[in-house]
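In what follows, a single structure is set out as structure tokens and then discussed.
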Amino acid sequence: YGNFPTCSETGEDCSAMHCCRSMTCRNNICAD
């Protein structure tokens, strides 16, 4: 694993990237 400068926004896939801010990852989709 590496540290990537990008993150997933609301409604975006989070199976490969973590979610931005403090969102949660549900069913591989970021949710507020």
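For all residues, glycine too, the Cβ spot is worked out from N, Cα and C.
The record in Swiss-Prot pairs Cys30 in a disulfide bond with Cys19, which is drawn from Cys19, Cys20.
When Swiss-Prot is consulted, the disulfide partner of Cys20, picked from Cys7, Cys14, turns out to be Cys7.
Nearest to Cys30 (disulfide bond) in space, judged by Cα atoms and limited to the disulfide-bonded residues Cys7, Cys14, Cys20, is Cys14. Cys20 (disulfide bond) counts 14 other C-beta atoms within 10 Å of its own C-beta, drawing on all protein chains shown.
Taking the C-alpha positions, the distance from Cys7 (disulfide bond) to Cys19 (disulfide bond) comes to 5 Å.
DSSP gives Cys19 (disulfide bond) a strand state. Cys14 (disulfide bond) falls within neither a helix nor a strand when secondary structure is assigned with DSSP, and so counts as coil.
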